[in-house]
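Accompanying notes for the structure given below.
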Amino acid sequence: MSLWEYANPQKFMRTSGALLPFVWIATAACLGVGLVWGFFLTPEAENFGSTVKIIYLHVPAAMMAINAWVMMLVTSLIWLIRRHHVSALASRAAAPIGLTMTVIALVTGAIWGEPMWGTYWAWDPRLTSFLILFLFYLGYIALWEAIENPDAAADLTSVLCIVGSVFALLSRYAVNFWNQGLHQGATLSLDKEENIANVYWLPLLICLAGFVLLFVALVLVRTRTEIRARRIKALVTRERMA
Amino acid sequence: MIPDLGKYAGAVLSSYAISVVLLAGLIALSLWRGARVRRQLDEMESRRKTDG
């Protein structure tokens, strides 16, 4: 079995339809357990007080804001190289999810920043690159809506996605590139010494899994919708020609 | 039931409230549009079948 089989819309619809109920159940379980554990059952942190509880939303949302763009980059490249329509539609479907994740990361970050840094916003490398990523998401969605021809829209949005990837990467590594600004380094690390305490790490890990699953569920739902919308468009065109 | 969040209660609760509203809105909108487009396609397909 090859991954390219899923480029066939019918195969994609069949497989995603069968998968979706399980993905939704796993999403609800992970988000339910992770957020309840994090909010109700973890102690205050010495340096952050109770604001540490914002971590269970802020970090997963920021991670998915970047990863959604990475997924869009991969599907855009597949469209440009192999011209699979499902791939372009999956990219289109992922953009509003990435945009929402970016907004959550920016808003929760600002709310968290005020009591910790004394300001909602600073022109810090990570914050600024996230704001630019937000603008790229808006531009990407607007470009899809603005162009009538779906193939031309897919081509142009794919190019925009490749350009925007620079900022998606910068959002992730800005703290490492420029050793300045208010934002701290990575919250999660493979190095045990650098990682956050276990009492926060475990529920955070479950929340991260929940956000990944939520992203997968929403991408599947929205891609299925885009495939159906494309079919409607084709039928309308056929009716007009007849 | 809600843990004592001290002087940061406003920051923590508003973060959760805004995030839940945004995520619930995204999920609801995605499912609603999905159902609407599906219904529309079903109607078109059945019309095509009856028209031959």
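Every residue, even glycine, has its Cβ placed from backbone N, Cα and C.
Over in TrEMBL, the protein carries these features:
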DOMAIN    A:4-183  domain 'Cytochrome c assembly protein'
TRANSMEM  A:21-42  transmembrane segment
TRANSMEM  A:54-81  transmembrane segment
TRANSMEM  A:93-112  transmembrane segment
TRANSMEM  A:127-147  transmembrane segment
TRANSMEM  A:159-179  transmembrane segment
TRANSMEM  A:199-221  transmembrane segment
Task: Close approaches to the transmembrane segment (A:54-81) from elsewhere in its chain (Cβ under 8 angstroms; 6 or more beyond its ends) - done: 34-35, 38-39, 87-88, 90-91, 94-95, 97-98, 101-102, 104-105, 108-109, 111-112, 130, 133, 136-137, 140, 154-155, 157-158, 161-162, 164-165, 168, 171-172, 187-188, 196, 200, 203-204, 207-208, 210-212, 215, 219
- [ ] Count, for each of A:93-112, A:127-147, A:199-221, the Cβ pairs lying under 8 Å from the transmembrane segment (A:21-42), and report the range with the highest count.
- [x] A:199-221
Task: Mean of the pLDDT scores, which run from 0 to 100, over the domain 'Cytochrome c assembly protein' (A:4-183) - done: 92
